[in-house]
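Novice: According to TrEMBL, the protein carries these features:
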- 35-53: transmembrane segment (TRANSMEM)
- 74-92: transmembrane segment (TRANSMEM)
- 107-125: transmembrane segment (TRANSMEM)
- 177-198: transmembrane segment (TRANSMEM)
- 309-328: region 'Disordered' (REGION)
- 309-319: compositional bias 'Basic and acidic residues' (COMPBIAS)
- 358-633: domain 'ABC transmembrane type-1' (DOMAIN)
- 384-403: transmembrane segment (TRANSMEM)
- 491-510: transmembrane segment (TRANSMEM)
- 567-596: transmembrane segment (TRANSMEM)
- 616-636: transmembrane segment (TRANSMEM)
- 665-889: domain 'ABC transporter' (DOMAIN)
- 940-962: region 'Disordered' (REGION)
- 1000-1021: transmembrane segment (TRANSMEM)
- 1002-1286: domain 'ABC transmembrane type-1' (DOMAIN)
- 1046-1068: transmembrane segment (TRANSMEM)
- 1126-1159: transmembrane segment (TRANSMEM)
- 1229-1250: transmembrane segment (TRANSMEM)
- 1322-1556: domain 'ABC transporter' (DOMAIN)
Amino acid sequence: MCAAALDEYCGSVFWNASYLGRDDPDLPICVEQTILVWIPLGFMWLCAPWNLMPLCRRSQVNKKNWTKLYFCKQLVVILLFLTAIGGLTVTLVEDFGPNSSGEKSPAVYYTNPVLFAVTWILLLLCQEGLRRKERAVDSASLFIFWLLLVLCDIFTFQTLLREALRLGEVRDIPRFSLFYISFGLEVIALILSAVADIPRDAKELVKKNPEAGAAFLSRITFNWFNSMALKGYKKPLVQEDMWDLNEADNTTYISQRFNQHMMYELGLARIRLQKKLKNRLIKNQGKTVEDVPQSNGLGKGVSRDVLMMEEKGTKDDDKKKKKEKKKKEKTDYPNSWLVNTISKTFKGILIESAFYKLVQDLLTFVSPQLLKLMISFTQDKSSYVWEGYLYAVLLLVVALLQSLTLQQYFQRCFVLGMKVRTALMAAVYKKALVMSNDNRKESTVGETVNLMSADAQRFNDVTNFIHLLWSCPLQIVVSIVFLWMELGPSTLAGLAVMVLLAPINGLLAAKARKIQVENMKFKDKRLKIMNEMLNGIKILKLFAWEPSFQTQVKDIREKELKVMKRFAYLTSVSTFIFTCAPALVSLVTFAVFVGVSSENILTPEKAFTSISLFNILRFPLAMLPMLIASIVQTTVSKKRLEKFLGGDDLDSDTVRHNPDVDSAVSITKGSFAWGKDSEPVLKDVSLDIKPGRLVAVVGAVGSGKSSLVSALLGELHSTDGFINIQGSLAFVPQQAWIQNATLRDNILFGSPYEDRRFQEVLEACALGPDLKLLSAGDMTEIGEKGINLSGGQKQRVSLARAAYSQADVFLLDDPLSAVDSHVGKHLFDKVIGPNGLLKNKTRILVTHGVSFLPYVDEVIVLVNGQVSEIGSYQSLRDNKGAFSEFLDTYAKDQSNQKSSEEDDFQVTEDLEVIPESEDTQADYPPEDAVSFTLRRENSIRRSQRGNRSSVRSRKNSSLKPTEAVGEIKGQKLIEKETMETGQVKFSVFLQYLRAMGWGYAFWIFALYFIQNVAFIGQNLWLSDWTNDAAEYMNQTYPGWKRDTRIGVFGALGLAQGVFVFLGTLLLANASVNASRILHSRLLDNILRVPMLFFDTTPIGRVVNRFAKDIFTVDEAIPQSFRSWILCLLGVLGTLVVICLATPFFAIIIIPLAVVYFFVQRFYVAASRQLRRLDSVSRSPIYSHFGETVAGLSVIRAYNHQERFLKHNEETIDENLKSVYPWIVSNRWVAIRLEFLGNLVVFFSALFAVISRDSIDSGLVGLSISYALNVTQTLNWLVRMTSELETNIVAVERVSEYSKLENEAPWVTQNRPSENWPEEGRVQFEDYKVRYRPELELVLRGISCNIASKEKIGIVGRTGAGKSSLTNCLFRIIEAADGRILIDGLDISTIGLHDLRNRLTIIPQDPVLFSGTLRMNLDPFDKFSDEDLWRVLELSHLKDYVVGLKEGLQHEVAEGGENLSVGQRQLLCLARALLRKSRILILDEATAAVDLETDNLIQNTIRKEFSHCTVLTIAHRLHSIMDSSRVMVLDAGQIVEFDTPSNLLEKRGHFYSMAKDAGITQQTASAFF
């Protein structure tokens, strides 16, 4: 019926099969006039609304965007419109013109021109709409329309041409001409629509981000990436070459969207949690009522205090409690909200990628059907040749479409993964800024960094493949349907095998997950120790403790490797199953098929179509269990992230800012605790501080002074009462927090720079002179943790930051303790005191310095967390309460301070005091910043700096300000991380193979090779088998033949599995071997590297080698190594098989190989460098994060969270700039390689058509089904080569640090006697030292004798070489000349450990490691518990430790955070007492300690070390006035060396220093 109507409409026959049943087929004209016109026009009309939308918006017509290209496009369309009108005119003239014949033209000649005319008008509007669209450079729909139109018109084109040639004339000249004119115009339009139309104002944007200006064709083939690939090939890419990110890919945009959804989902989750807890409470209360005695208060309803009292229940109860607690921990946080949040935030990309995946999946099944047609074409010699060519072309077209959609899908998925990682990293950072103390307690810095790195990465990896969750089942179902059509019910046999294999995989996956979790635990533990070791490396060296920590790390590593080996064995079992699966499935299916009935004969179509389908099936079956396993792994990360992100925030209402209250700071009956469930540290505190007052807070160690400051900052949990603070806060913490930025940025801290104010602050904080010493003045880069500043400088920078901030209330947590007393006085006078910079502000000063108390408005005395007295200095003294006791303890010290105050100083006067003759150093060349810094650093974070002496010694300091301006070599302290560039050297691969063992390597390769041979053999056997079908055409198939065929086929399949299994097992052992060797080399070497290395390398960089790089060596390299071998063998096998089938193909291999090689080289060069940039730009994210967590209280106090969030976003963006191109580079190469693979398919089909007479159909099937597989394998080969190269970089990086220069050996042949040094005599003989060979001397010929049991004080200006002297005794730096003798033995002849074990130092910074107290005192377990208790008693810690529940086994937190600074210092003293060595070096550690602890330490040292030689590096001259002799150093030389009293009489250097410190002859006599 329909056909008849169309016949009438066209005026000719619509369809007749005879058109195709000949050698030169054609389509009927009617089909060309109807169907082929309607397809493109229909598409256009469907897409039109989308393109017309911008016209509906009311916006100004932007004339700027009118480009030449736009006018050309519009012109072509107008011309096409005219041709349509022309067509209509011709018809009208024919029908109604003067010489019209009576019969009318068919309807089609009216409708088609009209349809076209309307379409062209629509198109004009669409192109205008496109021009108005924001940031659009072309339209995909318009391009596809033009393409469809041209393709459809090609049929008409050839029909008209062939007719004209046949007849030798053109029948209908007007329509003929119009058609060819419009065809030409359409081709022009197609070309124009493929060009990007970039408006003038977007030119700049496109330069910075070519993707923004890429046309449709360029977008789908990723051509816009060419310029970067080329650049990357010519020279290694650097961060500056990276393009800007698209708007939707930058961190700010992503994290804003993520946060909106997160707030909502998290809210719901919290409500769910509340309900759950309520139910549990009701349940538990029921229990509690029934059996109170046993429940031991575990019902949530019972108060904590009852629990505390009943804590002493039986052991049994404890166990029960632990279990309950574990259970509680598992669930007591809002859970299952993260996945929802992610899916809602990114639903756009998810839907797009799902669409592409669906299309690609369906296209996958077209190829096997075409293959089937192709095989029957070669069998049926009567079919026309054009059918064969048609199938070959169709195979190519389908493959191309498949490649394009697949790459678009991958692009979307990987970008999604990147975005998810970004969102999570930003969220974790944001959370860290507002995290409550309970939360902070639960996760160490290392663990939080892990959330950002490892866990976010897990999510990234899973989201890449998330669509496989539905796509795999879909592919499986469709494959089965097609297989059923081929083989009928026998398919079920194959299916049954697959289904049976699934639970085995599930079991393996679950087991693997358990192992993985265990592995993570060991990793965390190992990294935690590494981190601490590197942070305290100086202490490890000074105490010779490296071996103890080395064994700790090695033990954990061994456990980790054991777990890894178990994991690898599991993997090899699952690999075995995977490899056997396809062979087994096809074996069972074919066996059942032939066995069921003798009618069933295996023909080539059936066999190879089925094998193609089984090959398709292989992918989803292999991926599903892997995907499930990785989802399972991600659930661990999901839990960790949900727990962290869902934890409580800091209660922002603890501190109110109510402007109506008239006092600046008020606390009303406040009780505060560190956590929700812990005991309050401050009880019932009430304070009222009026604006503009200076209030001092005093009290003994542990009385809660710092806790009070934390409470005011809102860091503590308020259990009762509230705090009100008016205006903004500035905070100076007890331990200065310095950022890795310039000095100026550290002080400005985000405020705008005002020169006058800045100079005032510098002046007041006595930083002016220090700046002259720094190479770039206030623009000098400060290293991580302020490494190139001394303790005092850090503290002053921290104070300057507060002073510059112009806040209203200043909280100063003991900022004056880290500086010398006179610097302290200067700071008090100029900044804090009644006449300082801050005189009109409210200041709360926690202090140990009694001397400042008379000048403050009010003193608050704390005792045991309670305010015991408040009042002015005088009234409190008269009260005779706790305060006057506090004062009496320090009365002596008080009087010394007094005398120094009378001698009020003036900087200018001091400068004139210096006798000119002392200006010795003017002629020395300037030092470079590094050596200067190191000398600074080596005054182990000296607390001296910037006191009066330093102000005045500037005049003869070694760096002349004028010279400092010029670049001096080695200025930058922290060297930029070296990034290997160019191709990875072959030697690195060899190194890895060597670490695996050559025997292993050979056998692994051999086994994999045999497996591949078996695979090819199996397929050739099958091809031979299918040819039996022709042989036994009409006969019964003999049973013996059938059994042989099946048996051999099965045996070859099994052999594959066995060989792969063996190969993988060997690889597992080999890679664990390699991991062990590489890690232990790295560890051994890092511990033997000289101190200089750690001073110039950020710790993060070293940790990165132990974390990321070792992880790569452990897990990524073995995996990519295995895949690479399998891919390589797979590709070679395929090519061999195709060449066997169609020898012609060999000709094509060479050009293809050349193209392949170039694409691969271009890609690998760019991709490898992008990966390196990625890992280098990733470190700053983590180090900035670590820095933020360390300085949280400061950032919160200044309310700068927003600024730090911004900075974090910028840092992540910098990283994304290299991640995004890397993702694109993978797509860029994939699409090019897939095109190559598609060509392989096309040519193998083409040659099969050409040589169809000489080839049997079994081989055709074999070669094409292999070719269909090659695309994937080719792709993988390049990816694996690149991945292997990228991953092997880790070996390169690890070995770089395994080859660093070592310090002297720990133990040599020449060992001192057991009890050396017996007397403790020290001699320096013309001793000279420099930090690095190319630098100036730091000590310039020191000679002196120190007798046994002498007490020597060492003093000198900053940079005089005091610390260098101690470093030389321990050989932290080695002599350039001269020697040191201890008891007559030259220390440079013995091993470092023999030396360091016999000396003792009490360092300035008390460094503790996480572990037990016992381990901190005695890591080698050399001493008995009695010894330890004895030293704890001597160091006044016994009462404290006895009070702890675990005693000596008390766990010390990371960095000793759970002990006060004073307690840490006393622990260091206990360490020294334990070693009982004859020589003690005291790097005066009293800086951060209050006077009470100071006295304890001094007295203990006097008493306990009376039989030792003691060298004290002094910052406070008071402490060395009673020494036997004093050594005065200046510029690396001894200028004076005598008893204190003689030196005072000489009136030289020492005298002027004593005068500065307020010590005169009269006061000094008190000491002697």
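In case you wondered, yes, glycine gets a Cβ from its N, Cα and C as well.
Curation plays no part in TrEMBL annotations; they are all automatic predictions.
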Novice: Sort out for me which stretch, of 35-53, 177-198, 567-596, has the most Cβ pairs below 8 angstroms to the transmembrane segment (107-125).
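Specialist: So the stretch in question is 35-53.
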Novice: Hey, does the transmembrane segment (74-92) touch the transmembrane segment (491-510), meaning at least 3 C-beta pairs closer than 8 angstroms, sequence gap 6 or more?
Specialist: no
Novice: Residue list, the transmembrane segment (1046-1068) vs rest of chain: Cβ under 8 Å, 6 or more residues beyond ends.
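Specialist: Distant Cβ neighbours of the transmembrane segment (1046-1068) are 565, 568-569, 571-573, 575-577, 579-580, 583-584, 586-587, 590-591, 594-595, 1000, 1003-1004, 1007-1008, 1010-1011, 1014-1015, 1017-1018, 1021-1022, 1025, 1118, 1121-1122.
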Novice: Could you tell me whether the transmembrane segment (1229-1250) and the transmembrane segment (384-403) have 3+ CB pairs under 8 A, leaving out pairs under 6 positions apart?
Specialist: yes
Novice: Ranking 35-53, 74-92, 1229-1250 by the number of C-beta pairs under 8 Å to the transmembrane segment (177-198), which range is first?
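Specialist: Comparing 35-53, 74-92, 1229-1250: 74-92 has the most Cβ pairs near the transmembrane segment (177-198).
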Novice: Taking every residue in the domain 'ABC transporter' (665-889), what is their average pLDDT?
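Specialist: Average per-residue pLDDT within the domain 'ABC transporter' (665-889): 87.
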